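*Asks:* Sharing a structure with you now.
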Amino acid sequence: MSSIQIPRGTQDILPGESEKWQWVEQIAKDICSAYQYKEIRTPIFEHTELFQRGVGDSTDIVQKEMYTFKDRGDRSITLRPEGTASVVRSFVSHKMHGLPDQPVKLYYLGPMFRYERPQAGRFRQFVQFGVEALGSDDPAIDAEVISLAMNIYKKAGLKNIKLVINSLGDPESRTAYREALVNHFKDGIHEFCTDCQNRLEKNPLRILDCKKDRDHSLMKSAPSILDFLNENSSNYFRMVQNYLTQLDIPFEVDPNLVRGLDYYNHTAFEIMSNAEGFGAITTLCGGGRYNGLVEDLGGPETSGIGFAFSIERLLAAIEAEGLDIEFTKPLDCYFIVLGEKAKEKVVKVLQDIRLNGISAEMDYLNRKMKAQMKAANRLQAKQVVIVGDEELDRGVAVLKNMESGEQKEVEWNKLFDEIKSVM
Ligand code: HAM
């Protein structure tokens, strides 16, 4: 029979690789714990309407990239393409605005699904780590969220990263800017791609983000959002920058940074990799403020800010920077078992010491001593216990320290302490 292939844009994470995932995920979780962000888990599928309303009907994600299907009850269901809409839905359904501790600070980790053209750093199933802080419009929380992302990357060892920020302003500033953009582009829009022609009325900001038309002269002469920010918006943006400076986080302001989702206002940011050989897609992380989203999804007026990044791109950046990280842990102890009687004894001892937090392994293939020793070496065992019938009869086992090569006989009742003393 022919074998079955993995779907395009997905991948298996095998042992050897999965340790890397666990390592970076743990860094992100530890930092969230220090910053007091608590984990939330939401379903992998939601009603399609959530993303139409939450992410925005005119976005590429909703128009072209969603995995949407009818379930057996004829409901339109979508595999989540991102996490923010689900978190906000959950915030509203559980009335989290009423919790005593505000802002509500959440993080999530899980697979997201987008029907995109697969390439390096772009998958159809990818794992996002994200945070959302809901219930505060203090610019200091914007800086906290941005610094949290930056510190995850720093803790993972990345050096070649760049933070880019922008302000998309409040609705008043956005409306003024939108109008200016439509006026700027409308006479030449027929020279742009069909996507941009559609964007002119629906979402002109997205034209600035178009990869196909990026060299068009109208792009370079386009008005800047920063000239359209009203006083409130520009003060807000200035304060975010002040706080970032206080936190010693360098940044660049890019007025063309518009982000691909509709819910943003005020602060928008991306973290890019500058590492050589990272590939065409350099964005590691994206986020921003979304003050109207809770209301759009049926909740009370609540401000929010967050970000998400994929583990795939973080690991690609670690690889591109050539960081020397020890992902796999060596084995504490390998039992070389010679004979059936020895095995009977060892299965129980193995269980006891594993339950005491020591990683231990034994042979299950009845291999010869030499092959078992090779296995112990492959697993980088720190110690090896050799158990043969003759030693068993005398109530001892042979303990070998693999680093020093030193070998000695140890009584069974002292074995645990001996193993522990070397760890
Ligand atoms: P996004 O910019 O669509 O924003 O995605 C955030 C990050 O997810 C990207 O920077 C990238 O690391 C990763 N990502 C997106 N698509 C793919 C893909 N096809 N393959 C691999 N990685 C991918 C959001 O999703 C917003 N929900 C972020 C946010 C949270 N804004 C506020 N709160």
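Each residue, glycine too, has its Cβ placed from N, Cα and C.
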*Asks:* Which one of R114, R117, R238 goes with E82, G83, T84, Q128, E132, R259, Y263, Y264 at the L-histidine site, as TrEMBL has it?
*Replies:* R114
*Asks:* Those binding-site residues, E82, T84, Q128, Y264: which ones have a Cβ sitting under 6 Å from ligand 1?
*Replies:* E82, T84, Q128
*Asks:* Only counting partners 6 or more residues apart, tell me which same-chain residues put their Cβ under 8 Å from the Cβ of T84 (L-histidine binding site).
*Replies:* G54, V55, G130, E132, L261, Y263, Y290, L293, G306, A308
*Asks:* Just report the maximum Cα pair distance in Å for the recorded L-histidine binders E82, G83, T84, R114, Q128, E132, R259, Y263, Y264, no decimals.
*Replies:* 21
*Asks:* Enter the number of other CB atoms within 10 angstroms of the CB of Y264 (L-histidine binding site).
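*Replies:* By my count, 27.
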